[in-house]
Every structure is written in structure tokens, then in C-alpha cells.
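Notes to accompany the following structure.
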Amino acid sequence: MSDKAKRWRAVCAYDGSELHGWQSQPGGNTVQDFIEARLGEIFSQPVRIHGSGRTDAGVHAKAQVFHFDGVWKHPPEHLGRALKCGIPASIQIVRVDRAKPDFHARFSATGKRYVYRIYHGDAPPWESRYCWSMGRRRLDIEAMNDAARRLLGKHDFTAFGANRGDGSTDNPVKDMRRLEISKRGSHLTLTTEASGYLYKMVRSLTGSLVEVGLGKLSPDELEAIFKSRQRPYRIQTAPANGLWLEKVFYDAR
């Protein structure tokens, strides 16, 4: 087989409760740091991975996608097995496959789906790490969905973005394809699909819709904030622990 490096596409899941997010940091303890360290052992040289996007500390993922390049002369499934060993139990490698040379986990993506989990009441201890517990507060789901429908379509979402503090910028215009809240028993789920998201956009959307559900904001007021294209002080950011990256979309090729 050729000694030329091939591109690999991988999917991982993780419990972000004790992790410091996706992106590598000097202190380590990030998903990227653990996976790159293991790949470095496998390939006997540094390997850089590129994710579909960054998740903050405390955020979870069911299907985060990343790619990397490396020379591997064995069956692809053996690479997946090797990568699964030597990483924390909070990170799971779902699969590893060969990818086309021009595949890029971030720039080839056409959209993402996030879910945010809310518990109507006091969440039991085995769920509290993975949802936002409302306690005695009650939410008006109908009002929340009314407000959510007004945010669908291609718009400037500056009002729901946050400053990363690192000088980076992102196009604020996103195509919001799905934004809805469903309820099953004590469990509320906010589901959103869009072409992309600004920093902390999903958590800001969730926090704002919860404010609507609590009667602190009306759907009309939230729509006015949205159309202002400015982030006001009253925009609440939902806790990180309720957020899950559920799927990254790519064109079938």
C-alpha cells in the first residue's frame, strides 16, 4: 500500500460534564487533546484533528465529526479499534472511515442539529447533569413555539450571538430550518437545525425562549430583539449541561 497519508473521517460522542470543551487548551482535558494524544501514539507522530465545530465546556455530543490525515496500512476498522483504546470513558469513538481528500469536517458541513433538554420540575440526580432543571417554574410551551416560529428562515442572528473574546468573527446570517419545543412528561426538548450557529447561539436562543415560557418576555418582544440585530443585556444564556450536538449534516457524495 502507498505510504502517502490518507484522509480519515471519524464520529465521536462525549459526555462533556467533566471536559473543558472540544478545542485544545493549554491545560488539556478537552476532547481534541485526548484524541490527538491517542492518535499521536498510534501514528508515532503528532496528528492534528479538525472538528465540525467547537463545543463549550459542559456541552455534550452524540455525533461530533472530525477528520485527520495519516498513513494506515491496515483495515480501516482496525484504526477505529485502536483509537477507542487509551481515551477517557467519557469519550467514545463511534466510527472511523476513509474520506475523500477534499473532505473537511467543518467546511463540508451543510448544517447541524442541536437539542437542548429541559426538565419540568426538579430533575433527579441521574439526569441533572444533562438537562436544565426548572424546579417549580412552569413554562408556556405554546408561547415558546409561537416565538420560535418567528425565527425560522434565513436571518441575521447577531442578537443571539456572543463574543468569543479571541478576535474571531463569524457571518451572522444563518438559515434556521427547524426550531421547536416538544414536551413528553416532565421532559422538554428544544430541537434546532440550521446552516450554522454563532458562538453560544443555541444556548442564547434557549434562554430567550425560556424567558418567553416564563412570561418574562412576550413573543413580540423577543421578535423585536431579534430584528434589532443587537444583543441586549436581557438575553439569558442557558446552562451548558443541557445542550447536545446531535447531528452534523453533509451532502451525499
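For all residues, glycine too, the Cβ spot is worked out from N, Cα and C.
Look at TrEMBL and you will find 10-107, 147-251 tagged as domain 'Pseudouridine synthase I TruA alpha/beta'. Here TrEMBL flags Asp56 as active site, nucleophile. The substrate binding site annotation in TrEMBL covers Tyr114.
Cβ neighbour counts within 10 Å, taken over all protein chains shown, single out Tyr114 as the most crowded of the recorded positions Asp56, Tyr114.
Summarised by DSSP class, the composition of the domain 'Pseudouridine synthase I TruA alpha/beta' (10-107) is 25 helix, 26 strand, 47 coil. On the 0 to 100 pLDDT scale, the domain 'Pseudouridine synthase I TruA alpha/beta' (147-251) averages 93 in this prediction. In terms of DSSP helix, strand and coil, the domain 'Pseudouridine synthase I TruA alpha/beta' (147-251) has 32 helix, 32 strand, 41 coil.
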